[in-house]
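Enquirer: Please see the structure below; I have some questions.
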Amino acid sequence: MPEPLRPRRRLMQPSVIPGFGLAFGYMLTCLGLIVLLPLAALVARASGLGLSGIWEVATDPRVAAALKVSFGISILAALTASTFGFLVAWVLTRYDFPGRRVVDAVVDLPFALPTAVAGIALASLYAPNGLVGAQLAKLGIQAAYTPLGIYIAMVFIGLPFAVRTVQPLIVEIDREIEEASATLGADRLHTLTRVILPPLIPAVLTGFALAFARGVGEYGSIIFIAGNLPYVSEIAPLLIVIKLSEFDYKGACAIAVIMLAISFATLLAINLIQAWSRRRFGYV
Amino acid sequence: MIPFNDRTGRRARAVLATCLLAATLGAGQARAQTELLNVSYDPTRELYKELNAAFVEDWKAKTGETITVRVSHGGSGSQARTVIDGVPADVVTLGIPSDIDAIARISKKIPEDWRAKLPNAGLPYVSTVVFLVRKGNPKGIKDWGDLVKPDVAVITPNPKTSAGGRWNFLAAWGYAYERDGKSAEKANAFVGQLYKQVPVLDTGARGSTVTFAQRGLGDVLPTWENEAYLVFEEFGRDKFDVVVPPTSIYAEPPVALVDANVDKKGTRKAAEAYLQFLYSDRAQALFAKHRYRPSRPEAARKEDLAFLPEVKLFKIEDLQGSWDDIQKRNFDSGGLFDQLSKAPGR
C-alpha cells in the first residue's frame with residue numbers, strides 16, 4: 001500500500017479523534033494550575049538561596065541524614081509493600097473464599113484513614129507496652145520510636161498502591177495462555193516465571209513507585225511512631241516542619257526541592273526500567 | 001530575610017485571610033456580631049474554654065452586646081506562623097515571648113514594644129516546669145541533676161517545634177549554670193547529656209505527654225506545671241506523681257494584641273477589653289484553678305494556690321540576656337540545640 005502524501009515530517013501524528021486542540025488546552029491549563037504552578041512557586045521560593053545555597057542545605061549533615069532515612073526506608077518499605085501486595089492481589093483474584101470482598105475492601109482502608117489516626121494506632125500497637133510491641137520487646141526488638149517504626153508505617157500506607165496496581169492485570173491474564181503453556185510442555189514453575197510474571201512486571205514497578213513516593217512524602221502517620229531523633233529516626237518532612245517553625249521558609253523549600261529532585265530521578269529511573277522491561281518482554 | 005513580604009505574597013495572604021474570615025463568618029449567621037479570635041498554644045484548651053465563657057458573660061453585663069470568642073490551639077511556633085501568614089487573630093496568647101517577637105519582627109502586625117502595652121510585661125499569668133514521674137518515683141528523681149543519672153530516660157518535646165520543649169531546655173540549662181558556678185560551658189554539657197537520654201523527641205508538649213503517659217516510655221516528663229497536674233488528675237493519680245524541683249524556670253507565656261488585625265476588623269475595643277479581662281480577679285482565679293501561676297495571686301482561691309508551691313524561679317533573661325539572644329543562641333539554625341545534636345549515637 002502506497003504511503004499517503006506527506007510534504008514534511010510533522011511534529012505529531014494527526015489523530016482520528018476530533019477535539020485535540022480543546023482537550024490539549026484544557027489538559028495544559030489544569031496541569032499547570034493544579035500541579036506545575038505550586039511546584040514552580042516552591043522552586044521560586046527556594047531559588048532565593050541559589051544553587052550553592054541549596055547544595056549547602058543538602059550537604060548539611062543533619063539534612064543528609066534525614067534524607068537518607070526518608071529515602072532509604074521508603075525503598076525498603078516499597079519493596080516489602082510490592083512483594084506482599086503482589087501476594088495479596090494474587091490471592092484476591094485467583095482464589096475464592098468466604099469474606100473475599102471484605103478483605104478486598106479492607107485493602108483500601110489505609111487510603112481512607114487520616115494519617116494521624118494511622119500513626120497513633122500503629123504507635124500504640126508497636127509501643128513497648130502495646131499489643132505487638134510487648135511481644136517484640138520480649139525478643140529484644142523495639143519497633144516504635146526507631147527506624148523500624150518508620151518502616152512499618154511506610155509499608156502500611158504503601159500497601160494499597162501495590163495491591164491496586166497489580167490486581168487488574170492479574171484479572172486480565174488469559175487462562176488459556178497458561179493452558180497453552182502447559183500443553184506445550186512447560187512445568188508449573190516455568191509457566192509462572194516465563195509466562196505469568198513478565199507481563200505483570202510493569203504494574204509491579206508502578207506499584208513500587210507509588211508506594212515509594214507516598215512513603216517519601218508521608219508525614220502524619222510516621223511522626224507518631226518515629227521517635228524523631230536527629231540523625232537516627234528523623235525524616236526529611238519533619239526537618240521541613242522544623243525549618244518552618246524557625247520561620248526559615250527558604251530552607252524549608254530547599255529541602256522540599258531536594259526531595260522533589262531525588263524523587264523525580266527515582267521515578268524516572270523506574271519508568272526507564274519499565275520501558276526496558278516492555279521492550280525486553282514485548283508485553284503491554 | 002523572608003521573601004514573604006513581597007507584594008504578591010501579601011495580596012495572596014489577604015485573599016486567604018478574607019476567605020478564612022468569610023468561611024468562619026459564613027459558618028455562623030452573617031450577623032453583625034463581634035467575634036474575637038484568640039490564637040493560643042497547645043495546653044490552654046481547658047483554660048480558655050472556661051475563661052472565654054466568663055468573658056462573654058462579663059461583656060454582656062457591661063455593654064449588653066453578645067460577643068463570640070473563638071480559640072485556635074496548636075504548637076506555639078506554628079500558631080505564630082499562621083498569624084504571620086494571615087490568620088486574622090485579634091489576640092495571641094502564646095507559649096514563649098520569642099514567638100510574639102517573631103510575629104512583630106516578620107509581619108509587623110504587632111508593635112515591637114508589645115511588652116509595654118499590658119501589665120506585668122504582657123503576662124497575666126506565668127508558669128514553670130515541673131516533673132511528672134511514675135508512681136512512687138522509682139528512679140528517685142528530685143531535682144534537675146537527677147535527670148542525667150545513667151539509667152533515667154527523659155521524655156521532652158523537640159525545642160525546635162515546641163514552646164514547652166524550649167522552656168524545658170532553658171530550665172535545664174539555667175539549673176546547671178547556677179549549680180556549676182555560672183559556667184556556660186558546663187551548662188551546655190549538662191543539657192547535651194540530658195538530650196542524649198531522650199529516647200523520643202515529639203513535636204509538641206501534648207505528644208510527649210501521650211508518649212509518657214499512654215505509651216509508657218521514659219522515667220520522667222519535665223513539662224508545664226499545668227500540664228503535669230492535668231495528666232495527674234485526668235490520667236490517673238495511681239500511676240503518676242508530680243515532683244516539684246527546688247529550682248526551676250520562670251516560664252512566661254505572654255499575651256498581645258494583634259494591632260494590624262483588630263484595626264482592619266474594627267474589633268479593637270473588644271479585643272483590648274478581652275486582654276484586660278485576663279488581669280481581672282475572675283480570670284486570675286481561673287488561672288490558678290487550672291494550675292497556672294496568676295500574676296496577682298491575691299485574687300485566687302487559697303486551695304488552688306496550695307497546688308502551686310513556692311519554687312525558686314529564675315528568669316532566663318537574667319542569665320542569657322534579651323529574648324533575641326536567647327532564641328538565636330539556643331534554638332535558631334546552628335544554635336546550641338543543633339550543635340548538641342551534632343554528635344550522633346546515644
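Note: Cβ is positioned from N, Cα and C throughout, glycine not excepted.
Whatever TrEMBL says is automated annotation, not expert-curated.
Annotations per TrEMBL:
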DOMAIN    A:67-270  domain 'ABC transmembrane type-1'
TRANSMEM  A:20-44  transmembrane segment
TRANSMEM  A:64-93  transmembrane segment
TRANSMEM  A:105-127  transmembrane segment
TRANSMEM  A:139-163  transmembrane segment
TRANSMEM  A:195-213  transmembrane segment
TRANSMEM  A:219-242  transmembrane segment
TRANSMEM  A:254-276  transmembrane segment
Enquirer: Give the nonlocal contacts of the transmembrane segment (A:254-276) in its own chain as ranges (CB under 8 Å, at least six residues past its ends).
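Expert: Result: 39, 42-43, 46, 49, 53-54, 57-58, 63, 67, 70-71, 201-202, 205-206, 208-209, 212-213, 216-217, 236-237, 239-240, 243.
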Enquirer: Using a Cβ cut-off of under 8 Å, list the residues of the same chain at least 6 residues beyond the transmembrane segment (A:20-44) that approach it.
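Expert: Sequence-remote neighbours of the transmembrane segment (A:20-44) are 253, 256-257, 260.
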Enquirer: Considering only the recorded stretches A:64-93, A:105-127, A:139-163, A:195-213, state which has the highest number of Cβ pairs under 8 Å to the transmembrane segment (A:219-242).
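Expert: So the stretch in question is A:139-163.
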Enquirer: Could you tell me what the rest of the chain brings near the transmembrane segment (A:195-213), counting residues at least six beyond its ends with Cβ under 8 Å?
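Expert: Contacts with the transmembrane segment (A:195-213): 74-75, 77-79, 81-82, 85-86, 154, 158-159, 161-166, 168-170, 173, 177-178, 181, 186, 263, 266-267, 270-271, 273-274, 277-278, 281, 283-284.
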Enquirer: Let me spell it out: take the transmembrane segment (A:64-93), skip the flanking residues so only those 6+ beyond its ends count, and list any with a Cβ under 8 Å from a Cβ in it.
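Expert: Here the qualifying positions are 58, 100, 103-104, 107, 147, 150-151, 154-155, 158-164, 166-167, 170-171, 200, 204, 207-209, 211-212, 215-216, 230-239, 258-259, 262, 266.
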